[in-house]
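Look at Swiss-Prot and you will find 1-204 tagged as region 'Precorrin-2 dehydrogenase /sirohydrochlorin ferrochelatase', backed by sequence analysis. Annotation source Swiss-Prot lists NAD(+) binding site at GLU22, ILE23, CYS43, GLU44, citing sequence analysis. Annotation source Swiss-Prot lists phosphoserine at SER128, citing sequence analysis. Per Swiss-Prot, the feature region 'Uroporphyrinogen-III C-methyltransferase' maps to 216-473; the stated evidence is sequence analysis. Swiss-Prot lists PRO225, GLY301, GLY302, ASP303, ILE306, THR331, ALA332, MET382, GLY411 with the feature S-adenosyl-L-methionine binding site, giving sequence analysis as the kind of evidence. Taken from Swiss-Prot, the feature active site, proton acceptor applies to ASP248, supported by sequence analysis. The annotation active site, proton donor is assigned in Swiss-Prot to LYS270 on the grounds of sequence analysis.
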Amino acid sequence: MDYFPIFCQLQHKACLLVGGGEIAERKARLLLDAGALVTVNACEFAPQFHHWADQGQLSLISGEFVPELLADKWLVIAATDQLSVNALVYQSANQQRIFCNVVDDPKRTSFIMPSIIDRSPIMIAVSSGGKAPVLARLLREKLEALLPQHLGQLAQLAGNLRQRVKQHFTVMTERRRFWEKLLTHDRLAQSLANNDHVQADQHVEQLFSAPLTDRGEVVLVGAGPGDAGLLTLKGLQQIQQADVVVYDRLVSDEVMNLVRRDAERIFVGKQSGHHCVPQEQINQILLQQAQSGKRVVRLKGGDPFIFGRGGEELEELAGYGIPFSVVPGITAASGCSAYSGIPLTHRDHAQSVRLVTGHAKKEGQLDWANLAAEKQTLVFYMGLSQAGEIQQQLIQHGMPATTQVALVENGTSRHQRVVSGELSQLALLSQQVSSPSLIIVGSVVSLREKLNWFSSRHHDDQPKVTECVAHVG
């Protein structure tokens, strides 16, 4: 360990900053955020320093650095572009046993300033010891994305409750269980994120009055269309906190690799014509796991409320009083169209978009006349087996046979493949792809050649329609 990690209490402590430029300005912000009494020494000062001085937030001393400026200082930072000045600051501070940081000079530094994630009072520091500051910054950015903004409020709330918890729960195991419930309470977290402190206080009171026996919950999470990079931050947080993850065939391996390692995984994959697990049994799995006190994530491809039967599953849970919440995902229509270079709406082509299931209930009848109207884009989910019917009905109800269509197979993944042609060829084209595939119908498909960015970048095989038709024939 090259450096001993330590957090300093600088509230009302005198600190010296040598330098008046842009880098010094960044260091000054950090010192001011920490509540330090900051004195800045430089020959020239950036405008922000004068603003701070006018506001009484810090003091300015104009002129060359002299060692006497270190009197009564707790620490000093040298942030000038003159090596000789920085060296003098370090040497003088060292002689007086004052911690000194010289920016970008590890050899003349007695302490380093790491990359920080500030969720006060939670503070996280990342340092490479000056060896790879860019790597430290990249790690900080990843952590910044993972940690919710309300984390500091949650920590502050926990601190305010410590004494009350000690008095209310005399047994240590009960205290631990209470803290676990409070710190993983989704609705409390959401209230804090919304700055709704009244609602947050209500959730806290419910936790104090509720029995400490484990009570599970279900979080319905949309995994997106395939590319793990399209999983939302909140979705990622949920799958990394889950005790159990119930997932289906449309959830990519890349997304599943992000699930908490010790979480139980239950596969309930479904596909057209073959249900590995009946929907009623899936409902029972969710119910039983939640009733046993587990934190359950129901992970669905795309968005769970768009042809994902998420509403049906939650209705079942609601009937038994099981707490639940929903994390939306990027639906296949949005992901597949974007990764195929096909805008769903365009001022010159389509003023509306319709999402249509290819597997409605048998008694359901689509309004084909409206679907065949001009100036709109149609996106059919689970429509491969019905491609012939879709082609026939749309043409029969007035849509031109030359209308452009595209079929997107394994959209947004590295295995994505797109075939395109005319509506009159849809049935034949459907034989060139396999499930999961999405059907897009509308003149916006004609923009694909111009806007296709993903397949050209990944060198995907993109067979032409003429090749598909010739192959089928």
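From the backbone N, Cα and C atoms, a Cβ is placed for every residue, glycine too.
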DSSP-derived structure type at GLY302 (S-adenosyl-L-methionine binding site), helix or strand or else coil: strand
Sparsest-packed among the binding-site residues, when each Cβ's other Cβ atoms within 10 Å are tallied, from CYS43, ALA332: CYS43
Environment of PRO225, GLY301, GLY302, ASP303, ILE306, THR331, ALA332, MET382, GLY411, the listed S-adenosyl-L-methionine site - residues of the same chain whose CB lies within 8 A of the CB centroid: GLY224, LEU250, PHE307, GLY308, GLY329, ILE330, ALA333, GLY335, CYS336, TYR381, LEU438
Cβ atoms near PRO225 (S-adenosyl-L-methionine binding site) (within 10 Å, other residues, all chains): 30
CB contacts for GLY411 (S-adenosyl-L-methionine binding site) [other CB atoms within 10 A, all chains]: 26
Nearest recorded site to SER128 (phosphoserine) by CA-CA distance, among recorded positions ILE23, CYS43, PRO225, ASP248, ILE306: ILE23
Nonlocal residues around GLU22 (NAD(+) binding site), in sequence order (Cβ under 8 Å, 6 or more apart): ALA46
Cα proximity to ILE306 (S-adenosyl-L-methionine binding site), best match among recorded positions ILE23, CYS43, ASP248: ASP248
Nearest recorded site to ALA332 (S-adenosyl-L-methionine binding site) by CA-CA distance, among recorded positions ILE23, CYS43, GLU44, ASP248: ASP248
CB within-chain contacts under 8 A for GLY302 (S-adenosyl-L-methionine binding site), separation at least 6: GLY222, ALA223, GLY224, PRO225, LEU250, GLY308, GLY329, ILE330, THR331, ALA332, GLY335
Which of GLU44, ASP248, all recorded positions, has a Cβ with the fewest other Cβ atoms inside 10 Å: GLU44
CB within-chain contacts under 8 A for ILE23 (NAD(+) binding site), separation at least 6: ALA79, VAL103
Residue pair GLU44 (NAD(+) binding site), the residue listed as 'active site, proton acceptor' - Cα distance, angstrom, rounded: 63
Where PRO225 (S-adenosyl-L-methionine binding site) falls in three-state DSSP terms: coil
Cβ-centroid neighbourhood (8 Å) of the NAD(+) site, GLU22, ILE23, CYS43, GLU44 excluded: GLY19, GLY20, GLY21, ALA24, GLU25, ALA42, PHE45, ALA46, ALA79, THR80, ASP81
Three-class DSSP secondary structure - ALA332 (S-adenosyl-L-methionine binding site): helix
